[in-house]
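These notes concern the structure reproduced below.
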Amino acid sequence: MDRIVVKGSGPLSGQIPIAGAKNTCLKLMCAALLSDEPLTLTNVPRLSDVATLSELLESLGVQIGRLDDGQTLAFSANTLTSQLAHYDIVRKLRASFNVLGPLLGRTGQAVVSLPGGCAIGARAVDFHITGLEAMGAKIELKDGYVHAAGDLKGAEIEFPFPSVGATENVMCAAVRAKGTTVIKNAAREPDTKALADCLIAMGADIEGAGTETMIVRGVDRLHGATHRVIADRIEMGTYMCAPGIAGGEVECLGGTRALVASLCDKMEAAGLEITETDAGLKVRHPGGRLKAVDVATAPFPGFPTDLQAQFMAMMCFADGTSVLEETIFENRFMHAPELIRMGASIDVQGNTARVTGVDRLRGAPVMATDLRASVSLILAGLAADGETTVNRVYHLDRGYEHLVRKLRGVGANVERLSDG
């Protein structure tokens, strides 16, 4: 099994190119099911999650062409041979559940396994189901599968919480439904807006994407399109935290402040300098110790839950005590015990973690528990004394393209080793 070894390496310097957004790309791939004409995606990140979803789409009859070393994918769903998304694939990747809306919208039926992915809480799919039921779908949960069927009609749907996955599943179903669907308390994430932009390019009639209220007018068919995947704001935010921990100056290429504004605000409050450039965002550590800053995760435009672990690693080196509140998922502080093994002072009570900065961390063998936890341990190792070995790094392959290469490119002492 692979592991990543990190040694404290001093200040970082250089540029890191940001890949296409994983979460956006996966939902765009599902949207290919809505049309019998090809959908071509560019700036595709080369990740194991993309490969897993490709496997699922191919099992449904989608043909996939791969160009530019996998950075361009062409999907042809002219003839779907199945409406069954099997457990063996869906269990590996939660985003696989988002074939439900497109399959139901196009074919009127779908059988989709309940999802898998990172082990970070229950992450129920209730909102997906109630939203589709409001549009007329008949849904039955049986033997771990969602059985859905029916001719969909426009409806007014208000989510109790702005769920990203539910908003996207309902939106994809609504573009092929009869009549108009109004989605209230919709997710405002850039990934959701990017999906709407792609659907519009395919001929969908959508208003209000990126706001709390979306209006989707159903159309008879969607045509093909070519669409570029936006920059990954979580990858970008991850690498922005690197100089906050190790010191130095790093420019993240390909994104904008608007994608990570909430993170920028907190990093500047901690004392880091952030400059928007023509190519991306530059983060500079001015020297000395950062100031402790409190964070509460929230739906976009709030602080992303997917950057909470990385920010915690940075606060381990800050002056004072920061309070991190996780409001999106339960059980998402699994990285805290591993940081404590490295000498961090962290007290977790329920959905709140109090992080008191320490003078230094010490390298130690640690275990990654999920995608974002794994990268937070690597970041912490950049400024720890000695050597940090992060085990179970297969999680990283789900969300970070060439992480070791990118960190080494700005001066980090990090390598990936295999037991063979």
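Backbone N, Cα and C define each Cβ position, glycine as well.
Annotated in Swiss-Prot:
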ACT_SITE  Cys118  active site, proton donor
BINDING   Lys22, Asn23  phosphoenolpyruvate binding site
BINDING   Arg94, Asp306, Ile328  UDP-N-acetyl-alpha-D-glucosamine binding site
MOD_RES   Cys118  2-(S-cysteinyl)pyruvic acid O-phosphothioketal
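Overlay of Swiss-Prot annotations on the structure.
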{"residue": "Lys22", "record": "phosphoenolpyruvate binding site", "Cβ contacts under 8 Å, 6 or more apart": "Pro45, Leu47, Asp49, Val50, Asp232, Ile234, Glu235, Arg398, Gly399"}
{"residue": "Asn23", "record": "phosphoenolpyruvate binding site", "Cβ contacts under 8 Å, 6 or more apart": "Ala95, Val164, Glu189, Asp191, Asp232, Ile234"}
{"residue": "Asp306", "record": "UDP-N-acetyl-alpha-D-glucosamine binding site", "Cβ contacts under 8 Å, 6 or more apart": "Ile234, Gly237, Arg372"}
{"residue": "Ile328", "record": "UDP-N-acetyl-alpha-D-glucosamine binding site", "Cβ contacts under 8 Å, 6 or more apart": "Thr297, Ala298, Pro299, Thr305"}
For Arg94 (UDP-N-acetyl-alpha-D-glucosamine binding site), the number of neighbouring Cβ atoms whose distance to its own Cβ is within 10 Å equals 19
Quick one: what's DSSP say for Asn23 (phosphoenolpyruvate binding site), helix, strand or coil?
-> helix
